[in-house]
Amino acid sequence: MNRLPSSASALACSAHALNLIEKRTLDHEEMKALNREVIEYFKEHVNPGFLEYRKSVTAGGDYGAVEWQAGGLNTLVDTQGQEFIDCLGGFGIFNVGHRNPVVVSAVQNQLAKQPLHSQELLDPLRAMLAKTLAALTPGKLKYSFFCNSGTESVEAALKLAKAYQSPRGKFTFIATSGVFHGKSLGALSATAKSTFRKPFMPLLPGFRHVPFGNIEAMRTALNECKKTGDDVAAVILEPIQGEGGVILPPPGYLTAVRKLCDEFGALMILDEVQTGMGRTGKMFACEHENVQPDILCLAKALGGGVMPIGATIATEEVFSVLFDNPFLHTTTFGGNPLACAAALATINVLLEQNLPAQAEQKGDMLLDGFRQLAREYPDLVQEARGKGMLMAIEFVDNEIGYNFASEMFRQRVLVAGTLNNAKTIRIEPPLTLTIEQCELVIKAARKALAAMRVSVEEA
C-alpha cells in the first residue's frame, strides 16, 4: 500500500534535527538515542549498504560510531565523545584541517552578506576566484568553470574537450586502467572499475583504457586510433591514482604523455581532484614534472572542508569554444558566493602557511615510518608507498586490509580503503597534521599490526 505524505511527521523530524544542530553537546541518553536514530534512518531512508561498509572499518563491527563534530584541526569526535586522529581526510577534503578558522570566517562573513548569487548580475567572488586560479595553476590555464564536485569537474572537462575537438574530427578519449574519475555517465565512461560500470552499460562510446604508467601502451593506442580514423580528442588521467590504491607512475611518465598529446594533437586533461591543493608536496602534482595540461580538474580540498566546490580550468584556446554561448554548460550552484569564499580562503591558507612544503616534510616522515613497519611485518604488509600526504599501505590480502582499518579505529585513528583496490588502506590526513600526531599515527599502526599478527598466529 502506498504511504501517504505526512506534513506533521516531516515538520516534527525537521524540528528535531534543528534542535540537535543548535546543541554543542549531548548527554549520555541523547547520544544513545541519536545513534539509534541515525542507524535506523540510514537503513530505512538512505541506503542500508552504507551500514555494512561502515561496519567493516570500525572496531568489532560496530557501526554505531556516529560522527558528531570536528575536534581540533586534525581530529573528529563521535557521539560517545571519542576523539580520532583523521588520517582519511574525507578522501582528500580536509587539506587545511577541520573547520579551519580562516575558511570558516570567510564563509560566515559572506553568509552575512549574500549566500547565493542572483544568476543574473555579475558575482564578484567567482571572478576573483577565477583570477586567483589563473595565477596559481601552471602554464597557460586561464579560464575557470565552477561546479560542486569532482565528478562534475571531470564531466565539464570531457564536454569542453568534445566541443573543442569535434570540429577537428576527433571524438575518442583515452583513459587509464585502475583510474577513478567519478560516477556520472561521462565520468564513469572514463572510470575503469567494472563494479561501477557494468550496471550502467552501455556507457558513452569512444572511450579506451590503457595500462597506467606504460608510455608505450599509450603511444600504441594513439597510433591505432589514428590509423583507424578514431582520432583522439583527449587523454585523461590522474597524476597519481588515488582510488586505484595510490599508484605512482614511473618518473617522467606525465612528461612523456604530454609530448604524445602534442604529437597527436590530443588535449591533456589532468584530474587533480585528489592530488591537487598541496596534497603531494606541490600545489598540483603535475608540478613535480613541470607538466602543463590543457584542462585541469579540481574539487575536494578546494572548498577547505567547509563548502563543496569543483573547478575545471582550461587554456584560452580550449575554453573559447564556450565564449559565443556561455550557457552551453552551466550549473545553478556552481561558483556560488559561499563556495568561492571558502576556496579563496583555502588558497590563502595553503600559501600563507606553505602547506604543500609541510605535506612533503610530514609525508616523508610518515612514509618512512610505514616502510619500516612493512619491513617488520612482511607477512602482513606488501608495500607502503605515496607522495607527500597521499599514502597507502598495501596488505597481502583484502581481509588484512579491513582488519587493519578496524584495529586503527581501536587506536582512535581513522583510515579507510580505496574504491578500486580492496587490499590497500589509504592514509590521507590533513596537511595541518602535527609532528606529534604523525608520531602517534605511526605508533598506532605498529600496535595495530602487532595485534593482527597475534590474531593470525592464534587462528
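Yeah, the Cβs are placed from backbone N, Cα and C, and that goes for glycine too.
Taken from Swiss-Prot as is:
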type	residues	note
BINDING	Gly150, Thr151, Gln274, Thr332	pyridoxal 5'-phosphate binding site
MOD_RES	Lys300	N6-(pyridoxal phosphate)lysine
Which same-chain residues, if any, lie at least 6 apart from Lys300 (N6-(pyridoxal phosphate)lysine) yet have Cβ under 8 Å of it: Gly90, Phe91, Gly92, Ile93, Gly150, Val273, Gln274, Gly276, Met277
Recorded pyridoxal 5'-phosphate site residues Gly150, Thr151, Gln274, Thr332, farthest C-alpha pair in Å: 24
Intrachain C-beta neighbours of Thr151 (pyridoxal 5'-phosphate binding site), sequence separation six or more, cut-off 8 angstroms: His181, Gly182, Lys183, Ser184, Ala187, Gly310
Candidate with sparsest Cβ neighbourhood (10 Å radius) among Gln274, Thr332, the listed binding-site residues: Thr332
CB contacts for Gly150 (pyridoxal 5'-phosphate binding site) [other CB atoms within 10 A, all chains]: 27
